[in-house]
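Lifted from TrEMBL, the feature list:
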type    : residues                                              : note
MOD_RES : Lys61                                                 : N6-(pyridoxal phosphate)lysine
DOMAIN  : 82-123                                                : domain 'Rhodanese'
BINDING : Asn87, Gly187, Asn188, Ala189, Gly190, Asn191, Thr317 : pyridoxal 5'-phosphate binding site
Amino acid sequence: MRLPLIERYRAHLPVSLNTPVVSLLEGSTPLIPLKGPKEARERGIRLYAKFEGLNPTGSFKDRGMTLAVSKAVEAGAQAVACASTGNTAASAAAYAARAGVLSLVILPAGYVALGKVAQSLVHGARIVQVEGNFDQALRLTRELTERYPVALVNSLNPYRLEGQKTLAFEVVDELGEAPHYHALPVGNAGNITAHWMGYKEYHALGKAKGLPRMLGFQAAGAAPLVLGRPVERPETLATAIRIGNPASWEGALRAKEESGGLIEAVTDGEILEAYRYLAREEGIFCEPASAAALAGVWKLLREGRLEEGSTVVLTLTGHGLKDPATAEKVAELPPPVPPDLEAVARAAGLS
Ligand SMILES: *Cc1c(COP(=O)(O)O)cnc(C)c1O
């Protein structure tokens, strides 16, 4: 039976019996063995995709949000707030709905594209547009949460990372050991920080003998951790990792250094190649940002930088349906044909 993430890993999370469990049965996502790519098969390297797109709102953000919202309700919050239009806002809105509290999304005016906030709006989030820039919106969100019974659920909230570390637990529980490598996309860098926390905790408890090397990948146009300085105008089609100044900068560097791993950049072209490959050859439709994990591993495979016979886990962070605009970039609708069998068969390439 599927358990709420908080119940499955209660012993490892900062909850008590007084914490109300606000859950949509997140986590426990499949670890799908991949068939390829051939550069991996040839060297006996096994790849597994932890498909986080199968979480309740379509991204790994639900792992952190179940804990952040549960703790907010425990503390008596009547609302949760964040300054994001993306997967964080969607997750916050869904868990707030579940808990029966208000969710607030606070943004600079002119920033809101209906497509991006549709999921949050349908869940009943209240959008507040501020006449100002993003920094002002974030500052006001923080001030609001200090003055009113409103909980901040941006990634500054430490419960988010506590929930997200459970992904590492699930990987070890399923493989019976830590993988040799764990690859994932890096935006605000909370997730790589949380993965590494999880692996270290399980290792310290003796649940995994080894630790993986953490492989973090940023988009080339939004790669502050690779460049070693913030990027003022980050650009990439992988919108979930279009971040110029990551909140968990230190955590990401620690994960890289302590694990003997790396943080490198992949181009949008490489991301799209991996995105197409996953959909067409493996049957997995993920967000472009998620495909950055495979794009990076693929690059390392081609350069012969991964050990033969090793095991690699990729976190595929979000579902492809989150971003229909990119889908339209890699696939085209054909023109219509007359309604007769011959024309349809010809158009289908059968005759
Ligand atoms: C949030 C998110 C990321 C980036 O995770 P960070 O913790 O910010 O590094 C990557 N992919 C998807 C789909 C996301 O929603």
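The backbone N, Cα and C atoms fix where each Cβ goes, glycine too.
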Within-chain partners of the domain 'Rhodanese' (82-123) [C-beta distance under 8 Å, separation at least 6 from its ends]: 20, 22-24, 56-59, 61-62, 64-66, 68-70, 72-73, 129-134, 136-138, 140-141, 144, 150, 152-155, 239-240, 318, 322, 325
Lowest local Cβ density (other Cβ within 10 Å) among binding-site residues: Asn188, Asn191: Asn188
Under 8 Å by Cβ from Ala189 (pyridoxal 5'-phosphate binding site), counting only residues of that chain that are 6 or more apart: Gly216, Leu225, Pro246, Ala247, Ser248, Trp249, Gly251, Ala252
Mean predicted confidence [pLDDT] for the domain 'Rhodanese' (82-123): 89
Cβ-Cβ neighbours of Gly190 (pyridoxal 5'-phosphate binding site) (radius 10 Å): 25
Cβ packing number for Lys61 (N6-(pyridoxal phosphate)lysine), 10 Å threshold: 34
Max pairwise CA distance, angstrom, over record-listed pyridoxal 5'-phosphate binders Asn87, Gly187, Asn188, Ala189, Gly190, Asn191, Thr317: 15
Packing count at Gly187 (pyridoxal 5'-phosphate binding site) (other Cβ atoms within 10 Å of its Cβ): 27
Remaining residues near the recorded pyridoxal 5'-phosphate site, that is with C-beta within 8 Å of the centroid of the site residues Asn87, Gly187, Asn188, Ala189, Gly190, Asn191, Thr317: Phe60, Ser155, Pro185, Val186, Ile192, Ala240, Ile241, Ile243
